[in-house]
Amino acid sequence: MNPLVVNNVVKQYADKTAVSGVQFEVSKGEIYGLLGANGAGKTTTMRMILGLIYPDQGEIRYNGKPYSNELLKNIGYLPEERGLYPKIKVSEQLIYLAQLKGMSAKDADKSLKYWLERFEVPENYSKRVEELSKGNQQKIQFISAVIHNPQFIIMDEAFSGLDPVNVELLKATVKELRDNGASIVFSTHRMEHVEELCRNITILHRSKEVIKGGVKEIKSKFPKEKVFLQTKQEVKGLEQLAGVKVIHRHEHGLEIEIAEEKVASHILNHALSQSEIEHFQVKEPTLNEIFIRSVGERNE
Amino acid sequence: MKSLLDRLVSVMNNFGTVVRFTVMNKLKAKPFIISTIVFLLIISVVVNLPYIIMQFQGGGSDKVQTIGYIQDGAAPGSTTAQQLQQYFEAVEGSRLQLKSFPSSGDAAADEKTLRDALNNGELYSYLQFGEMTDSGFPEVIVKSEKLLDDSISNQIEAALHIIRQSNVLAQSGLSEQQLNELQAPIVVEAVQIKGSMSGEDGDSAISAAEQGVNMGIIYFLIIFLFMAVMISGQMIASEVTAEKSSRVMEVLITSVSPLTSMFGKITGMFLIVLIQLASYIAVALLNISLPHNAEMLQGLSIDLSVVDPMLIIFAILYFLFGFFLFATLYAALGSIVSRTEDLGSAVMPMTFISLAGFYIAIFSIATPDSMLVKICSHIPLFSPFVMILRAGLTNIPTWEVFVSLGILVVTIYLAVVFSAKIYRTGVLMYGKRPSFKELRKAMKAYKI
């Protein structure tokens, strides 16, 4: 049985359904992506996993057991908005938080120093949080979620407010936590992070699951509707081919939207007959496109 | 069984961690340190104020003040003035003395003489006499440059009373023994009958000294509780709100149960307030015991050994219970607000309630057996202030105190359950301050 099982949970707020029938499992050493537009029910789902609120229906099991206070020590949480004491030293508050998670002050101090070193900010140890830049605060927040080496990690918008260098640093860290066997639930709006990190995802829309499964399978289910073509000479008459919808002329080639996948081979044959081909690719839909299509179209 | 014990240990560990964190951060916070030091300085100044004022008068209180008058053989005023002069000369250590000036026969010239003497500092003030009155003395007018200086006219009035009395008595032909009898002081001692409070039947009277000390202690207790509640209540509520507005609460509630964190915070603040108030009292006592204040201390004549031990026990119980009742409610109110700016209006009701309890107790200290006091001594939020008054100053059956304590304990239990629910709900709600209806809805929705 997988360490984290979310079984058909439903959450109703007064007159509004926040989450309706969400179901997924996270195995050991996996990052699970929870996607959705604002207000789709991601935060509510995460709060239920954190045990802050209880589901109306369905259940969540951790290592096969229901939620209990014992579990608090085993969960790390990175909230969407920064949550730290602004006027208290980094060392004091992180050791405090780690102690609440059951660590001894000494171990917490050691772990904190390791992580600060790891994030290349050891000088922040004795600074107050309000003195730090936004990116550095985010690093401290990240440390507060993982300092006690939890089995379950919930990350809400982990990389917001970071520059590309630091995003890479934190991404590498998340992968390492995964490889060490943590079960991670991860939410973001940045689809390229999801493609890189997550094995399985759920896309929520208005409290319901609209797409769910492995990133590869989801992509393969969506038809390939784009072709990239780069040729030596100009190819004429592409517009007249059946199934060609739009042609975008880029600097180094053409991006052609097609009605169905088999049109691609017609385009290739047509092009070959006129010119040598430098580059031809039938493009997979990006998750971004899938997301916008599945969420955006239903919005209408 | 073992796992239950483990859980208890881990809860207590977390509780201790929260208490320590709360206390350490507060003690290190600059605003706290500064406000405490400022208050300590104010206390030091206030305690020494009588001495300081005395110093500024430059020993003026010991100086004999001279009052002038015009000696005009025939006028009735002159006789009176002479009598006053003799009287003040006879009184040992009198700070007033009269000085006569010869009359020139012209009233305006006489007044000018006196005024000149006043201006060059020879005189402090001077007397003039008006028409004869029924009292047997002419009307006395005290003229002075200092406005509203009652003390001289009061002393002259008192002196005239005595002079008249002895004049009348001298003419009545009473014997010396009869005169002594008339002047012997009358002794009235107020003794309060003690009830079941102490359980000692033998000595069943509260002496005046004991009652005086009781009253002092009760004043002290009521003010102490009030200050503890006001200071810490605000601090607790604003700490909770600060944790919420900085969103650190979201991390906290995934680390420690809300109940543990709430009580850890309350206990931490309790310790802080005790430390703060104890330092105030210590500094006040230190100042009082300085050599130059020794006289004042003797004047108070406090003998704590006469205090009923039961009163002390009740006082401690009411202090603890009262503090925790108010503190839990303040914590709950703090948790429903997400911005510090909104805190003031949210805790307003609690502030009014504690003010009401405080004033009911303070204003009833002379009438501790009124119906208002009797009723309020059983109303939970008022009883910590009011019951202590009844217990110390009236003859109240012990069971009544226990009934009131029982009501208080039940209320605390309900307040804890209720506050914990509000706290759990409140810390998850952001945005504008929720109405009570919204809060109840949210509580239901969160299944808390």
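Numbers here mean position along the shown chain, with the first residue as 1.
Any Cβ shown, glycine's included, is placed from N, Cα and C.
Taken from TrEMBL, the feature domain 'ABC-2 type transporter transmembrane' covers B:31-420.
The transmembrane segment annotation in TrEMBL covers B:32-53 (among others).
What TrEMBL records for B:217-237 (among others) is transmembrane segment.
Marked as transmembrane segment by TrEMBL: B:266-290 (among others).
The transmembrane segment feature in TrEMBL is assigned to B:311-333 (among others).
Annotated transmembrane segment per TrEMBL: B:345-365 (among others), in sequence order. Below 8 angstroms of C-beta separation, residues 215, 218-219, 222, 226, 229-230, 233-234, 237, 326, 329-330, 333-334, 336-337, 372-373, 376, 381-382, 384-386, 388-389, 393, 433 of the same chain, each at least six residues beyond the ends of the transmembrane segment (B:345-365), sit close to that stretch.
Under 8 Å from some Cβ of the transmembrane segment (B:372-389) lie the Cβ atoms of residues 218, 221-222, 225-226, 311, 314-315, 318-319, 321-323, 325-326, 353-354, 356-358, 360-361, 364-365, 400-401, 403-404, 407-408, 411-412, all in the same chain and six or more residues away from its ends. Here TrEMBL flags B:372-389 (among others) as transmembrane segment.
Under the heading transmembrane segment, TrEMBL lists B:401-423 (among others).
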### Query
In the same chain, which residue numbers or ranges, 6 or more beyond the ends of the transmembrane segment (B:401-423), come under 8 angstroms Cβ to Cβ?
240, 258-259, 262, 314, 317-318, 321-322, 324-325, 328-329, 331-332, 335-336, 377-378, 380-381, 383-384, 387, 391, 439, 443, 448
### Summary
Per the Cβ filter (under 8 Å) with a sequence gap of at least 6 from its ends, the transmembrane segment (B:217-237) is approached by 26, 265-266, 269-270, 272-274, 276-277, 307, 311, 315, 318-319, 322-323, 326-327, 330-331, 333-334, 337, 343, 346-347, 350-351, 354, 357-358, 361-362, 365, 384-385, 388-389, 392-393
### Intrachain neighbours beyond the transmembrane segment (B:266-290), with Cβ under 8 angstroms and 6 or more residues off its ends
15, 18-23, 26-27, 32, 36, 39-40, 43-44, 47-48, 224, 227-228, 231-232, 235-236, 239, 296-297, 323-324, 327-328, 331
